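Enquirer: TrEMBL feature annotations, pasted as is:
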- His65: active site, proton acceptor (ACT_SITE)
- Asp66, Val69, Gly71, Asp73, Ser75, Glu88: Ca(2+) 1 binding site (BINDING)
- Pro162: substrate binding site (BINDING)
- His193: heme b binding site (BINDING)
- Asp243, Asp251: Ca(2+) 2 binding site (BINDING)
- Cys34-Cys114: disulfide bond (DISULFID)
- Cys120-Cys319: disulfide bond (DISULFID)
- Cys200-Cys232: disulfide bond (DISULFID)
- 24-323: domain 'Plant heme peroxidase family profile' (DOMAIN)
- 1-17: signal peptide (SIGNAL)
- Arg61: site 'Transition state stabilizer' (SITE)
Amino acid sequence: MGAKFLLVLVVVATVSSNCRVKGALDRGFYDDSCPPFEVIVSGTVQSFLDRDPSVAPGLLRMLFHDAFVGGLDGSPLLNSSGGSDPPERLATPNLSLHGFDLIDAIKSKLEGICPGIVSCADILATAARDAITLSGGPFWRLKFGRRDGRRSFFQGALKDLPSPFENTTALLKKFRNRGFSAEEMVVLQGGGHSIGVGHCPFFRDRYSNFSGTAQPDPALNPTHAIFLKASCDPNGNAAVANDHGSAHLLDNHYFLNIQKGKGLFNSDQEFYSDSRTRKSIDKYAASSEKFYLDFIKAMEKMSELGVLTGSHGSIRTHCAIAK
Ligand code: HEM
């Protein structure tokens, strides 16, 4: 009976995985229509990364900012909002996004081979996944079939993207609004901030004049405060590695830094003083296996957030131009 039941389950699972459900994301979405899709994406990401490792954090942050505002539909790539607002990419939290040239390079190669087939949203999701893997992070299989949005959400980017000056309660609310638990927020933030940089204006108050006290943030490790002060130029506009000591590797090292008071942003460090988030930091600092497993799950979820499929949206020819 057990064996028979298992056989039925396997057959059902096999049959259903072979049926393409219209409108659903699917691992084999481009198998017939654009077989070299993933090879082209990973090859292009690799060649850009060889020249400039900062491409990886650029793509990861762009994916996050896209997914959180109107769903993962390639909207930050658009160069016009189509209305009276400026485009989403000009909203303050998006001003330091980068990696647009890489997405354009992939798109142009794909348009040459399979015109009008692959969406900019699928390119972004896949390029970000590959950038993570090529930066020492995990690999996971993605589902495809996202379509591109026609709108860009300037106001949404101002309202929905997290700010490093917000407290844990406000950040928890923003993530909860997108369906993420406190633990998922922590694993995403720690993974995201284990590569890339932060510009001094986002944290200089922490080493100089925290909350108007003319003193450093008491939660900031004093040695790290000296390091940050020395790293920021006199105007305080330089960029400093998010993850001190492991700047280019996507790993669980940032959680160890937070435990030592070496988090870059006040918002990150506050997660360690808040009982709703502290235990997750300890968990991920103690185990890179747990970190990678949970990071993959949360990234899969983020990569499928509010996606357009089936007959919704479009497939853009140029990622910057809606059609
Ligand atoms: C928890 C709330 C978060 C806040 C308040 C926040 C804030 C910031 C800020 C202020 C920067 C520096 C930007 C700059 O100076 O140019 C930054 C960088 C970055 N963030 Fe976040 N972030 C959050 C969560 C996340 C998440 C969930 C991810 C991705 C999973 C992520 C990925 C990144 C990456 C990769 C960078 C480096 C970008 C680069 O080097 O170009 N962040 N974040």
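One is the number of the first residue shown, and numbering goes on along the chain from there.
Positions of Cβ are set from backbone N, Cα and C atoms, glycine also.
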Enquirer: If you average per-residue pLDDT over the domain 'Plant heme peroxidase family profile' (24-323), what number do you get?
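Expert: On average, pLDDT over the domain 'Plant heme peroxidase family profile' (24-323) sits at 97.
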Enquirer: Cα within 10 Å of Asp73 (Ca(2+) 1 binding site): which of the recorded positions His65, Cys114, Cys120, Pro162, His193, Cys200 qualify?
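Expert: Passing the 10 Å Cα cut: Cys120.
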Enquirer: Using a 10 Å cut-off on CB atoms, tell me which of the binding-site residues Asp66, Asp73, Asp251 is the least crowded.
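Expert: Minimum Cβ neighbour count within 10 Å, taken over the binding-site residues Asp66, Asp73, Asp251, occurs at Asp251.
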Enquirer: Who sits close to the residue listed as 'substrate binding site': which same-chain residues at least 6 apart have their Cβ under 8 Å from its Cβ?
Expert: Pro93, Leu171, Lys174, Phe175, Ser267
Enquirer: What whole-number Å value do you get for the CA-CA distance of Glu88 (Ca(2+) 1 binding site) and Cys34 (disulfide bond)?
Expert: 29
Enquirer: For the Ca(2+) 1 site given as Asp66, Val69, Gly71, Asp73, Ser75, Glu88, which other residues of the same chain have their Cβ within 8 Å of the site's Cβ centre?
Expert: His65, Ala67, Phe68, Gly70, Leu72, Gly74, Pro76, Gly149, Ser152, Phe153, Gly156, Gly306
Enquirer: Helix, strand or coil by DSSP: which one applies to Asp73 (Ca(2+) 1 binding site)?
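Expert: For Asp73 (Ca(2+) 1 binding site) - judged by DSSP and reduced to three states - the answer is coil.
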Enquirer: Can you tell which of Arg61, His65, His193 has the most other C-beta atoms within 10 Å, given these are the recorded positions?
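Expert: Answer returned by the neighbour count: His193.
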Enquirer: Cβ-Cβ under 8 Å from Cys114 (disulfide bond), same chain, 6 or more residues apart: which ones?
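Expert: Same-chain residues close to Cys114 (disulfide bond) (Cβ under 8 Å, separated by 6 or more) are Tyr30, Ser33, Cys34, Pro36, Phe37.
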Enquirer: Measuring Cβ to any atom of ligand 1 with a strict under-6 Å cutoff, which of the recorded positions Arg61, Glu88, Cys120, Asp251, Cys319 qualify?
Expert: Arg61
Enquirer: Within the chain of Cys200 (disulfide bond), which residues six or more apart in sequence place their C-beta under 8 angstroms from its C-beta?
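Expert: For Cys200 (disulfide bond), the qualifying residues are Leu228, Ser231, Cys232, Asp233, Gly236, Asn237, Ala238, Ala239, Val240.
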Enquirer: Could you say whether, by DSSP, Cys114 (disulfide bond) belongs to a helix, a strand or a coil region?
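Expert: For Cys114 (disulfide bond) - judged by DSSP and reduced to three states - the answer is coil.
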